[in-house]
Amino acid sequence: MADIQNFFKRYLPVVKADEGEEEELVDPQTVLREQCNQESKCVNFKGKLDTCNDRVNSRSNTEETCLEELIDYVQCVDHCVAKTLFTKLK
């Protein structure tokens, strides 16, 4: 067993991780989504979604869903993010 370990030590370099402060990676899509949530167009769709959710949650028995409002809001944010996301990827 020691012979195998010596073989690997002799021919394979030992690489140690840098123990300095590591820079935390930030997902650019998350950052862009937060920025796009603040745009007036998307804020309007978010308001409509929140209103619909409040209305649906206030009723005990309803068939209404907020799918249309959700799709509008997600499309708005995705469209905004897609404009600049790929320029920020490495």
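Every residue, even glycine, has its Cβ placed from backbone N, Cα and C.
Each of CYS52, CYS80 is a candidate, yet TrEMBL gives the disulfide link of CYS66 to CYS52. Looking up CYS80 in TrEMBL gives a disulphide bond to a cysteine among CYS36, CYS76, identified as CYS36. Long-range Cβ contacts of CYS36 (disulfide bond) within its own chain (separation 6+, distance under 8 Å): CYS42, CYS76, VAL77, CYS80, VAL81. Sequence-distant neighbours of CYS66 (disulfide bond) (same chain, 6+ apart, CB under 8 A from its CB) are LEU49, CYS52, ASN53, VAL56.
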